[in-house]
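Q: To start, I am sharing the structure in question, which I have written as C-alpha cells.
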Amino acid sequence: MGEKLPVVYKRFICSFPDCNATYNKNRKLQAHLCKHTGERPFPCTYEGCEKGFVTLHHLNRHVLSHTGEKPCKCETENCNLAFTTASNMRLHFKRAHSSPAQVYVCYFADCGQQFRKHNQLKIHQYIHTNQQPFKCSHEGCDKCYASPSRLKRHEKTHAGYPCRKDSTCPFVGKTWSDYMKHAAELHSEVTCSICNRTFKRKSFLKEHKKIHREERIVYRCPRENCDRTYTTKFNLKSHILTFHENLRPFVCEHEGCGKTFAMKQSLDRHFNTHDPEKKKMVKPPRPVRSLASRLSGYKPKKSKKKKKPSQTPAMESQEQQPDASKADPLPVLENLTLK
C-alpha cells in the first residue's frame, strides 16, 4: 500500500462574524481580510494612478501596465507573442499550440453552445432550467442569481465601497460612482510641495509642476514678427485670439464690470473675483449612462447648444471672424532652461 499523504490543516481562520473562510497560509488570510475591511495595502506609486491592491503580486502585475513590459514570452517556434503573466502565457499555449482542446456542448434543444470549461457549461444551463442556485448571504436579502458573477455584483450593494482616502472617514458608497463622487468632492485636494498651492485634481497639479522645472517646453507664437513664448497651449491660444485676432467674445455680465475675455475658461475664472467665497466652478451635469454603455466603449455625441436669442456685440463679432485656434498650428519650439 502507498503512503498516506500528509493532511494540510487550514489553521488560519477568518475572525469576522458569519465568515467561515479558512486558509493554510497567513498571507492568504491577510488578503481575504481586505475584502471585509476594504483596505488596499499595496498602492500603485505611479503619478496619477490611485489604484491599490490586496497583494504584492497583484501590484507587480499592475505595474507592468505602466511600463509596457511583457516578460513571459511564448517559446513556440515562429511565435513572437509575449504576456505580462505566466498564467496568461500558459493559457495562450494551451489554446493556440496544443492539441484541440476539449469542448463542452449544451445538449438542450436548439442551443448547442460550446464552452471550454465544464463549470461554464453548468452555469449556462441554469438559463434553460430557470434555476438560480447562488443566493445572497446578506441578512434579510433573499435574492438569488444564476451565476457567481451576478451574485458578486449584487453583494456589492450591501457591502458598499468604503472610503480609502482617509482612515477616519466613515463614508461608504452604495455604488462605485457614489464613492468616486465623494472622493472628488472631499478628498481630491492636492498640494504642490514646492509652492504649497492646492489643486482639486492630480492632473492639475501635474500640469502646474511644469512651471517649477529648470527646463521646460515653451510654445512660440507662429504669427509674423511676434516673438512671444508661453509655457502652455492655452496661454498661446489666448494670446493669438486677444492680440492678433482682436477676439474677446466672452463678456462678464456682472454689474459694473463688462470685462471681456478670449477664452471661456478665463471668464469662468474671472467670475471668482466677484464671488470670493465660491469654492469651485460649477460644471453642467453630465447625462447618466448605464454600466453597460460605459463598458461597451460607446461615446454619445455631444448635444449642440441652442443659440441664445440675444447676443452681445462681442459675440456677434466672433461669428463673423475665423477661429484663430484652428487656423494656426501651435508647435513646440524648444526647451527653455531657467538660470
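Quick reminder: no glycine exception, Cβ is built from N, Cα and C everywhere.
Sharing the feature lines straight out of Swiss-Prot:
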- 12-36: zinc finger (ZN_FING)
- 42-66: zinc finger (ZN_FING)
- 72-97: zinc finger (ZN_FING)
- 104-128: zinc finger (ZN_FING)
- 134-158: zinc finger (ZN_FING)
- 161-187: zinc finger (ZN_FING)
- 190-212: zinc finger (ZN_FING)
- 219-244: zinc finger (ZN_FING)
- 250-274: zinc finger (ZN_FING)
- 271-339: region 'Disordered' (REGION)
- 299-309: compositional bias 'Basic residues' (COMPBIAS)
- 311-323: compositional bias 'Polar residues' (COMPBIAS)
Q: For the zinc finger (12-36), how many residues does DSSP put in helix, in strand and in coil?
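A: Reading the DSSP string over the zinc finger (12-36) gives 11 helix, 4 strand, 10 coil.
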Q: Residues of the same chain, at least six outside the zinc finger (134-158), with any C-beta under 8 angstroms of its C-beta?
A: 18, 123, 126-127, 174-175
